[in-house]
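Q: Sharing a structure below in structure tokens format, with a few things to ask.
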């Protein structure tokens, strides 16, 4: 009887541990676009990069924890650059460096996001 009670207790403890583990949320294009909205003026016209833009790039980079997240971010950036009129590809590609953020892919319409690790 004592063995059965200990087994049940162990199962309850294990179940609580599994249930309490936070589930990672996947990065979305909505998060990418809202974080990078302050960058639109810069990628269109150059000049000084707004601090809010750099904060957005840092935030996206920090949110992209997995390969799937980084590939999602890459694809979202490609979609955004195609949908926002007047984007200067050189300005977009220069953003991470100007903000001191190491992004593991080039921000470019020609980037193959499937190869992003």
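The backbone N, Cα and C atoms fix where each Cβ goes, glycine too.
Annotations per Swiss-Prot:
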- 29-76: disulfide bond (DISULFID)
- 39-53: disulfide bond (DISULFID)
- 54-99: disulfide bond (DISULFID)
- 74-113: disulfide bond (DISULFID)
- 1-26: signal peptide (SIGNAL)
Q: So among 39, 99, 113, all listed as disulfide-bonded residues, which is physically nearest to residue 76 (disulfide bond)? Use the C-alpha atoms.
A: 113
Q: Rank aside, I only need the closest one: which of the disulfide-bonded residues 29, 39, 53, 99 has its C-alpha nearest to that of residue 113 (disulfide bond)?
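A: The answer is 29.
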Q: For residue 54 (disulfide bond), which residues of its chain lie six or more apart in sequence with Cβ-Cβ distance below 8 Å?
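A: When sequence neighbours closer than 6 are ignored, residue 54 (disulfide bond) has 98, 99, 100, 101 within Cβ distance under 8 Å.
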Q: Find the one among the disulfide-bonded residues 29, 39, 53 whose C-alpha lies closest to that of residue 74 (disulfide bond).
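A: Of the disulfide-bonded residues 29, 39, 53, 29 has its Cα closest to that of residue 74 (disulfide bond).
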Q: How many other Cβ atoms sit within 10 Å of the Cβ of residue 99 (disulfide bond)?
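A: Cβ-Cβ neighbours of residue 99 (disulfide bond) within 10 Å number 20.
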Q: Would you identify the secondary structure of residue 54 (disulfide bond) according to DSSP, in three states?
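A: SS state of residue 54 (disulfide bond) = helix.
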Q: At the Cα level, what's the spacing in Å between residue 29 (disulfide bond) and residue 53 (disulfide bond), rounded?
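A: A Cα-Cα distance of 16 Å.
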Q: Let me make sure I understand the structure: which of the disulfide-bonded residues listed (39, 113) has the fewest other Cβ atoms within 10 A of its Cβ?
A: 113
Q: For the disulfide-bonded residues 29, 53, which one has the sparsest Cβ surroundings, going by other Cβ atoms within 10 Å?
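A: With the disulfide-bonded residues 29, 53, fewest surrounding Cβ atoms within 10 Å: 29.
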Q: Within a 10 Å radius of its Cβ, which of these disulfide-bonded residues (74, 76) has the fewest neighbouring Cβ atoms?
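A: Minimum Cβ neighbour count within 10 Å, taken over the disulfide-bonded residues 74, 76, occurs at 76.
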